[in-house]
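> Quick one: structure below, then a few questions.
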Amino acid sequence: FKGGDTCEYLLSSGRFLGEKVWQPHSCMMHKYKNSEAKNCLIDKHVVFIGDSRIRQLFYSFIKLINPQVKEEGIKHGNIPFEDKSASIKVDFLWYPEVNGSMRQRIKSWTEGSVAKPHIIVVGAATWSIKIHNGSNEALAQYKINITSIAPLLEKLAISSDVYWVLQDPVYEDMLSESRKMITNEKIDAYNEAAVRILNSSSRNSKTKVKVFSVSKLIAQETIMKSADGLHLPESSRDTNAMILMNLYCNKIMKPIDGSCCQPQPPLTLIQKIAFCFFTLSIIGYFIISLIHRNNYRKNKSCTDLESGEEKKPAISIPNVSTLEMLLHCFCKLGLIMTYFYLCDRANLFMKENKFYTHSSFFIPIAYILVLGVFYTENTKETKVLNREQTDEWKGWMQLVILIYHISGASTFLPVYMHIRVLVAAYLFQTGYGHFSYFWIKGDFGVYRVCQVLFRLNFLVVVLCIVMDRPYQFYYFVPLVTVWFMIIYATLAVWPQIIQKKANGNCLWHFGLLLKLICLLTCIYFLSYSQGAFEKIFSFWPLSKCFELNGNVYEWWFRWKLDRYVVFHGMLFAFIYLALQKRQMISEGKGDPLFSNRVSNVLLFISIVSFLTYSIWASSCKNKTECNELHPSVSVVQILAFILIRNIPGYVRSVYSSFFAWFGKISLELFICQYHIWLAADTKGILVLIPGYPMFNVLVSTFIFVCVAHEISQITNDLAQIVVPKDNSTLLKRLLCIAGFFSGLHFFSAMQDQSRH
């Protein structure tokens with residue numbers, strides 16, 4: 001892979017994903033909307049010069065600006081188009097042959113102070129073949145004419161984007177009698193002549209006329225669907241027009257999912273500081289390691305020369321110091337972050353668009369589910385939602401979500417609705433887990449809060465710095481962080497009601513229920529009052545964390561989508577722990593959760609509810625309407641799954657260690673996928689090994705999982721150092737962290753100022 005100019009690949013190579021989706025080699029193509037096309041081409045003049053096939057391309061191009069345009073006008077004449085709202089001019093100039101007339105027109109733009117078009121698209125040959133009956137003399141004249149035009153095009157290419165469109169192949173069996181002389185052999189000869197002359201001309205020039213040869217590849221796949229054997233079907237010329245738009249607009253609009261023709265973003269000030277920090281950490285770690293190694297060698301056991309016996313060292317091997325452990329973590333993290341940057345910010349590795357098929361989603365799902373069953377083991381405890389079971393739950397859900405993302409299954413609404421339930425189930429576990437901890441332990445100390453916040457946010461904060469992305473971009477972490485703080489505030493504010501206190505007086509249970517009702521009321525109010533929600537999160541410094549593209553709408557939308565499920569998790573935990581305390585459920589090994597009759601009834605209701613929700617989700621037709629209902633009904637399938645998983649004693653007593661292993665690193669997997677498994681901030685797929693899709697997925701997945709596991713270990717190690725149990729030391733660390741974020745804010749403000 002040359003790595004540098006992806007425009008060259010966009011112009012010349014690619015393949016079809018399915019029937020209509022074109023995938024350029026090595027990069028991603030953005031699908032421009034009308035508003036985006038107008039913003040890119042504002043005050044621009046575009047000219048198409050050529051025959052009827054170039055006229056087709058002209059119409060497809062202007063339909064990207066205004067879809068209402070109809071293909072009306074003089075067939076063998078010039079056609080103007082103007083969008084006055086954006087001051088865009090696009091002209092088609094009828095020059096079906098490369099001759100003196102075409103040369104004169106092109107020459108007029110190179111003389112004096114005449115306004116030059118910003119984009120020039122030229123191409124012609126089939127008329128020369130047709131008029132001269134495919135004679136060799138016509139080809140010789142074509143070469144002479146292109147040779148005279150090439151220097152003029154090179155001169156225009158200094159200030160304009162100039163594209164020479166190669167001739168598409170024809171479907172000879174469908175050609176009319178008057179066009180039978182237009183053969184693919186003749187077209188290839190004309191194309192070969194054009195490429196050779198334009199390339200030889202560009203060798204003596206600093207600028208270059210870009211040869212648009214990708215149209216030929218597209219035509220080879222689709223010309224059979226042509227109406228007359230000569231002109232491309234509409235979908236193919238629309239693809240060519242979109243390629244042209246990507247060639248010119250990607251460097252201007254910089255779309256996330258348009259990596260073709262987009263230059264590597266310059267390093268920001270914060271990224272440079274991070275690079276220096278990680279470099280110093282790596283150097284510091286190696287220096288300390290060398291010093292420790294030398295000390296160890298000096299104290300290594302040596303042989304007594306007189307007795308020939310080995311003496312033990314007087315000093316034992318020194319323990320690893322806190323500083324060395326800290327530098328070791330940052331050393332590994334620095335190398336990992338370098339890989340992140342190279343994968344998704346540098347133009348080093350290839351990226352491709354996603355393309356959804358049912359098989360690309362459901363076959364991997366079936367495979368991992370079968371694999372998970374093979375790793376079934378007995379649980380250490382048989383309580384409802386025990387640690388092994390929740391890890392297993394997180395694990396298989398995370399694997400399904402990963403497959404959903406890489407396969408592009410969000411375009412298929414039934415799959416999307418089921419994945420929304422999995423995201424809700426994560427938040428349900430957040431409510432259940434944190435409520436259970438505070439309710440049982442009664443530990444509302446600063447240490448606990450700091451530990452949770454550090455483990456949730458450490459990786460995301462590092463990625464915000466290294467990848468130059470806002471905090472809200474990694475939306476799931478802000479979501480679980482805010483919900484953790486809401487759970488903490490609900491239970492920690494006066495009066496603090498915990499299980500130990502409530503056991504002494506049943507009235508405290510009603511007090512807690514009153515707190516939960518107040519929480520539900522606040523959630524309900526904020527979900528229907530966008531203005532109040534935005535005011536809360538628009539205050540500094542919250543606005544710095546929750547704004548995306550200059551507003552907090554995206555944050556409000558994400559929060560609103562699963563607004564009740566954390567409350568449902570807290571309420572479930574309260575009811576379950578109350579039943580457990582009163583010994584109303586049986587959690588022995590192999591025992592059903594309730595009496596046989598009650599267990600069977602609940603199990604039947606759960607299965608029916610689970611299937612009913614799936615049928616409803618699968619029949620969804622409108623995403624907006626289904627998203628409106630989702631917050632209220634997602635808990636049905638979640639509770640149904642919990643009961644199905646826990647009512648039968650034999651099912652509750654086993655778990656999949658395969659899924660549980662992934663569950664322990666589920667947060668890291670969810671965040672790391674953004675940049676080192678997917679690409680272009682999840683919009684595409686990272687390609688480490690081009691040409692072998694399955695092998696590429698295996699290799700990139702292996703690296704991705706190893707990195708996620710390593711980051712999980714680094715986070716755990718750093719949490720012990722950065723968040724100590726001693727309150728006075730913790731206070732000093734919190735002051736240091738506050739200083740770090742103040743510095744980060746200062747440099748961020750400097751960056752914003754320099755950008756403006």
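Placed from the backbone N, Cα and C atoms, the Cβ positions cover glycine too.
So TrEMBL has the following annotated:
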DOMAIN    22-72  domain 'NXPE C-terminal'
DOMAIN    253-734  domain 'Cas1p 10 TM acyl transferase'
TRANSMEM  269-291  transmembrane segment
TRANSMEM  355-375  transmembrane segment
TRANSMEM  396-417  transmembrane segment
TRANSMEM  452-468  transmembrane segment
TRANSMEM  474-494  transmembrane segment
TRANSMEM  506-526  transmembrane segment
TRANSMEM  561-579  transmembrane segment
TRANSMEM  600-617  transmembrane segment
TRANSMEM  629-647  transmembrane segment
TRANSMEM  659-679  transmembrane segment
TRANSMEM  685-709  transmembrane segment
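If you look at the structure here, what lies around each of the features I listed?
Panel annotation: around the transmembrane segment (355-375), residues 17-18, 21, 23, 395-396, 399-400, 403-404, 407-409, 411-412, 415, 656-659 of the same chain, lying at least six beyond its termini, place a Cβ under 8 Å from a Cβ of the stretch.
Counting residues 6+ beyond its ends, the transmembrane segment (396-417) has Cβ neighbours under 8 Å at 354-358, 360-361, 364-365, 368-369, 372, 423, 425-426, 617-621, 623, 626, 630, 656, 659, 662-663, 666, 669-670, 673, 677-678, 682, 685, 697 in the same chain.
Same-chain residues lying 6+ beyond the ends of the transmembrane segment (474-494) with a Cβ under 8 Å from its Cβ atoms: 423, 426-427, 430-431, 434-435, 438-439, 444, 449, 452-453, 456-457, 460, 463-464, 515-516, 519, 545-546, 554-555, 558-559, 562, 566, 570, 667, 670-671, 674.
With a cut-off of 8 Å between Cβ atoms, the residues of this chain six or more beyond the transmembrane segment (561-579) that come close are 384-385, 420, 423-425, 427-433, 435-436, 439-440, 479, 483, 486-487, 490, 499, 509, 512-513, 516, 519-520, 523, 526-527, 585, 627, 630-632, 634-635, 638-639, 642.
Listed by sequence, the residues of this chain that lie at least six past the ends of the transmembrane segment (629-647) yet keep a Cβ under 8 A from its Cβ atoms are 384-385, 389, 393, 417, 420-421, 424-425, 428, 527, 560-565, 568, 572, 592-594, 599, 602-603, 606-607, 609-610, 612-614, 616.
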> Among 452-468, 600-617, 659-679, which stretch has the most Cβ pairs under 8 Å to the transmembrane segment (685-709)?
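If we count Cβ pairs closer than 8 Å to the transmembrane segment (685-709), 659-679 scores highest.
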> Over the domain 'Cas1p 10 TM acyl transferase' (253-734), what does the predicted model average in pLDDT?
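Mean pLDDT across the domain 'Cas1p 10 TM acyl transferase' (253-734) comes out at 92.
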